[in-house]
Amino acid sequence: MENASSVKEFIFLGLSENQGVQKVYFVMFLFFYMIIVAGNLLIVITVISSQRLNSPMYFFLCYLSFVDICYSSVTAPKMIADFLVENKTISFVGCIAQLFGVHFFGCTEIFILTVMAYDRCIAICRPLHYTTLMTRRVCSWMVIASWVGGFMHSIVQTLLTTQLPFCGPNKIDHYFCDVHPLLQLACTDTYAVGIIVVANSGMITLSCFIILVTSYVVILITLKSQTSEGRYKALSTCGSHITVVILFFGPCTFIYIRPSSNLSEDKSVAVFYTVITPMLNPLIYTLRNEEVKSAMRKLWSRKVGSENGK
């Protein structure tokens, strides 16, 4: 059996092999990526600059937006550039680095979304104890734990993949390097590795999803005893988060909680959690949140005012 280093590079088949469609995709995804970076960066700057947005909810939102920028930047620029070239190649080292980045930032986002649900649960169910339970120190440790958890998950996925021998073919039916497409290219039996990969991803996704569902069940039970005004206010703050969770967890669960059987189907679904959800997050959180919109208006007026004063 040949060593894994016998394959020096991989070739992506991409989202489409039609030249006309690729040009349309280039314009479309370049536009999407610009919105991702601009929108999420605006949220990060707004939260950091505004004294009003100093609650744990916005602390976590700031990190979620930062992770979204990093997460999309692992896959989107390469995918966009590949729409303009015929040979969509990536080196073996580059492929493994991309695999690590996708799972690192993706898993970190799952943990941060889970932490945000816990934060909303404490805020609504135990409002009198909220400030003592969710201190800045506690929130910081939760974010650190999310990053460490993402790193540990990614290390496991990456090490399992790099131990496999790759001796050809080297064509990946995807637009980025992921575990399932690489398992199909390995020139050895990958059944055991596949089970470990699915168990690893599935355990994290399922456990976080259970925590999320439990948090919102507790919130809904608590809201029964509140006034209609209090109910509306609580649900409006949770609505944005629930929308993001559905958009991110739905496709992720579909891809990683089962053995892959149809890569063409998988790569279409992957567009949702690598591009669409990071693009929609800023819109979802700003359109439904008056505090964020007000802080953004103040930041913008301050910027315009300083430029006019020059």
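Every residue, even glycine, has its Cβ placed from backbone N, Cα and C.
Under the heading domain 'G-protein coupled receptors family 1 profile', TrEMBL lists 39-285.
With a threshold of 8 Å between CB atoms, the same-chain residues lying at least 6 positions outside the transmembrane segment (24-45) that come near it are 15-16, 61-62, 65-66, 68-69, 72-73, 76-77, 79-80, 83-84, 275-276, 278-279, 281-283, 285-286, 292, 296, 299. Here TrEMBL flags 24-45 (among others) as transmembrane segment.
Long-range contacts of the transmembrane segment (57-76) within the same chain, counting only residues at least 6 positions beyond its ends with a Cβ under 8 Å from a Cβ of the stretch, are 29, 32-33, 36-37, 39-41, 43-44, 47-48, 98, 101-102, 105-106, 108-109, 112-113, 115-116, 119-120, 123, 136, 139, 142-143, 146, 175-176, 237, 274-275, 277-279, 281-282, 285, 291-292. Feature annotation from TrEMBL assigns transmembrane segment to 57-76 (among others).
If you look up TrEMBL, you'll see 96-118 (among others) marked as transmembrane segment.
As annotated by TrEMBL, transmembrane segment applies to 138-156 (among others).
The annotation transmembrane segment is assigned in TrEMBL to 191-223 (among others).
The transmembrane segment annotation in TrEMBL covers 235-257 (among others).
Listed by sequence, the residues of this chain that lie at least six past the ends of the transmembrane segment (269-287) yet keep a Cβ under 8 A from its Cβ atoms are 15, 29, 32-33, 35-36, 39-40, 42-43, 61, 64-65, 68-69, 71-72, 75-76, 102, 106, 174-176, 178, 240, 243-244, 247-248, 250-252, 254-255, 293, 296. Annotation comment: TrEMBL describes 269-287 (among others) as transmembrane segment.
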Quiz prompt | Best-contacting stretch, by C-beta pairs under 8 Å, relative to the transmembrane segment (235-257) and drawn from 96-118, 138-156, 191-223 | solution = 191-223
